[in-house]
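Undergrad: Here you go, one structure.
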Amino acid sequence: MLLTLAGGALFFPGLFALCTWALRRSQPGWSRTDCVMISTRLVSSVHAVLATGSGIVIIRSCDDVITGRHWLAREYVWFLIPYMIYDSYAMYLCEWCRTRDQNRAPSLTLRNFLSRNRLMITHHAVILFVLVPVAQRLRGDLGDFFVGCIFTAELSTPFVSLGRVLIQLKQQHTLLYKVNGILTLATFLSCRILLFPFMYWSYGRQQGLSLLQVPFSIPFYCNVANAFLVAPQIYWFCLLCRKAVRLFDTPQAKKDG
């Protein structure tokens, strides 16, 4: 545990510093803000690949969705804790870089950061203070399969990050941006929303239950927890859909005009 925590505490900030240094050396025309924001997205993508890979390994290794075990289901959670702390700081650093030319007081920058990122900060706090204790202690030796499923939700993150990078570089007009937008919607829908019916279906298949019977055959708090987890994902997916509609409507609107 301690070794994994220490490894994560060194790996993610170290990777961020390395990416920032490499970008400033290789792209001297980019501003410091560009380098910091893009480095943040690169680190997020690396974490997403590691989490998704861990999740797939866990899922494939668990023959029983309840009692199946794999060491990554616990060990990667310890690796995740330093990432969540690092990512919270990285988001604040991006806000500071974005507004540093405005000579704002640090307290005002912090308030704006908390205001602009309320949902994401809440998301990180829930993971650290609720999901980590559940995953590491409260669930006992059960449910590694479902922990692996939750890890695979990160599959959409590299596509989200690439979209943010393209926006930062003012490349919203490119074909790459549009294709990436479609992939973002597809992976977000499948891995962050449809993931939950898949977990219910997997449990039902093993227990001989239909998908509709599963919610009534598991503890009520499991349904409540899943509802709290999927609610922000649905909200974010709706925002992505609205953004996609605006993106693909713009050329048609200009043509009609």
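The backbone N, Cα and C atoms fix where each Cβ goes, and this holds for glycine too.
What you are looking at is a predicted structure, and each value in this text was computed from that prediction instead of being measured.
So Swiss-Prot lists the following for this protein:
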type     : residues : note
TRANSMEM : 1-21     : transmembrane segment
DOMAIN   : 33-249   : domain 'TLC'
TRANSMEM : 42-62    : transmembrane segment
TRANSMEM : 77-97    : transmembrane segment
TRANSMEM : 113-135  : transmembrane segment
TRANSMEM : 142-162  : transmembrane segment
TRANSMEM : 181-201  : transmembrane segment
TRANSMEM : 220-240  : transmembrane segment
Undergrad: Is the transmembrane segment (220-240) close to the transmembrane segment (113-135), in the sense of at least 3 CB pairs under 8 angstroms with a sequence gap of 6 or more?
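TA: Counting Cβ pairs under 8 Å, at least 3, so yes.
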Undergrad: Does the transmembrane segment (42-62) come near the transmembrane segment (220-240), with 3+ Cβ pairs under 8 Å (pairs 6 or more apart)?
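TA: Answer no, regions not in contact.
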Undergrad: Taking residues 6+ outside the transmembrane segment (1-21), which of them lie with a CB under 8 Å of any CB in it?
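TA: Hits for the transmembrane segment (1-21): 35-36, 38-40, 42-43, 46-47, 75, 78-83, 86-87, 90.
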